[in-house]
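Features as listed in TrEMBL:
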type     : residues  : note
DOMAIN   : A:4-78    : domain 'Glycine transporter'
TRANSMEM : A:26-45   : transmembrane segment
TRANSMEM : A:57-77   : transmembrane segment
TRANSMEM : A:84-104  : transmembrane segment
DOMAIN   : A:90-163  : domain 'Glycine transporter'
TRANSMEM : A:110-135 : transmembrane segment
TRANSMEM : A:147-165 : transmembrane segment
TRANSMEM : A:171-190 : transmembrane segment
Amino acid sequence: MFQILDSIGVFVFAISGVLSGLNKRLDAFGVFIIAFVTALGGGTLRDVLIGKTPVGWMGNLTYLYIILLAYFVTLFFKRHLERLRVSLFLFDSIGLGVFTIIGIEKGIEFGLHPIICITLGTITASFGGVIRDILCNEIPVIFRKEIYATVCIAGGVMFFLLKRVHLNQDVLYLLTSLFMISFRLLAVKYKWYLPSLYKKD
Amino acid sequence: MFQILDSIGVFVFAISGVLSGLNKRLDAFGVFIIAFVTALGGGTLRDVLIGKTPVGWMGNLTYLYIILLAYFVTLFFKRHLERLRVSLFLFDSIGLGVFTIIGIEKGIEFGLHPIICITLGTITASFGGVIRDILCNEIPVIFRKEIYATVCIAGGVMFFLLKRVHLNQDVLYLLTSLFMISFRLLAVKYKWYLPSLYKKD
Amino acid sequence: MFQILDSIGVFVFAISGVLSGLNKRLDAFGVFIIAFVTALGGGTLRDVLIGKTPVGWMGNLTYLYIILLAYFVTLFFKRHLERLRVSLFLFDSIGLGVFTIIGIEKGIEFGLHPIICITLGTITASFGGVIRDILCNEIPVIFRKEIYATVCIAGGVMFFLLKRVHLNQDVLYLLTSLFMISFRLLAVKYKWYLPSLYKKD
């Protein structure tokens, strides 16, 4: 089940990467690379930082195939994606939750402090987008106006709070994910933003 | 022989880095760094991703000396480089072939799947240029209009096809390199580009 | 003592990161990330390149707390920082010296050649700023007009020259740091720049 959600996350993140690449008028190779780093860049950075090498996607070709599928699906159906906007947003939020949990678990596996685990969860879920934006020559959107990373951090705190009460792992994952998904939906619906710190001057 | 070709590749990649740095009006240090990452950035990224650390150039100062040589040669003779344009392009294509094969062999050494090995070959040969472009604040040229990475991927496929017939290693390397060099020369001569995917809308 | 200087370095580098982030009008999260990478990005890159993973800050939360402190101090007192400009510059130069020495020592610990150790010292002290500039979508300032990296390299050479005469470690560190701090102060006072190489054409 969790594996399926992870695959859905990769798929949806890759679609958003393809759309970014098309938007920047990249060629077929460039668009694929942007899809790849959007989907797997966060996990790759996490693996490099903790020393889990060769990095994850090198040992499991499934991720590559999912990204290829997302690539062609997006190219062929991009006229229709607008109609799926709400579904895509929901799946993207699922990806956010699943990726955060995967990053946290990897930190626990390496015996790291909960704060570092939450950092790794946030990197896993949100730094693919950072690398995408750097490659596209933009200041990363999550540094400017998205509440993305905040959701990851809040989800990570929730994860460790829930973990204290010794829940069954499935329940722990489910509650953490639901909390993050709800948080994000509310954040977008009610336009919650982090303060820009700028106007205070 | 192969070692010499590798050195030529580093030398020519470094020259192209120096020219990019000069073009961006960087100072003496900045130009050197751009030369360095253009020549060795791809291999460094590859080593980091597979966990072969300390990364390659840290154990062999030869690369550093070759880049220093390329740096001073370019600064002193840059007026004359224009006349060597065709030779430089040929050497650059040799570097592309050699770097791809080195990356593939590193992947095989780490027991990775052929598709991942081809990915590593492509990263080795073409991501130095990606890092160069990011440092120079440009969208990487190979994501926009160069057939560079495509040549690496095609060369990688050719490598594994030829490997199946149990060729002698020298012959395998030679045929793969010649295939890639010819592919690139033809691509440039006949202006083959990847589709931009953009106009389909 | 050295540990305290290291903490001061992280603190001051983080302040400069916060100021960069504010300047780019990032939100609260973005500003924090820029502070983090400015302070710890160089050491992180060094650890990744030599394979010392999980990277340094993952095993010691002190760094994270220092950066959080620098973050809030800067936000609350930024009107007054201008008056502290000279002190901040002095502390920044101390950070430069300490970070360079830490990077060099890490290279020695890994049995690397002195030239590579100096490279690692330079990366530790100056590549946090490079990553900051890339995330802020700028060509790194140290590639254009700062004498920053030159000070690191000169300090590294001085370190190995002094090491030859078998000084006590404290004296070695003190002399190297003082040399670097003086060099930088003189460089800024007398506006020493590296040649841009550009006007030679």
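Backbone N, Cα and C define each Cβ position, glycine as well.
Beyond its flanks by at least six residues, the transmembrane segment (A:171-190) meets 2, 5, 89-90, 93-94, 96-98, 100-101, 147-148, 150-152, 154-155, 158-159, 162-163 of its own chain at Cβ-Cβ distances under 8 Å. Residues of the domain 'Glycine transporter' (A:4-78) grouped by DSSP class, helix first, strand second and coil last, total 64 helix, 0 strand, 11 coil.
Taken as a whole, the domain 'Glycine transporter' (A:90-163) shows an average pLDDT of 93 in this prediction.
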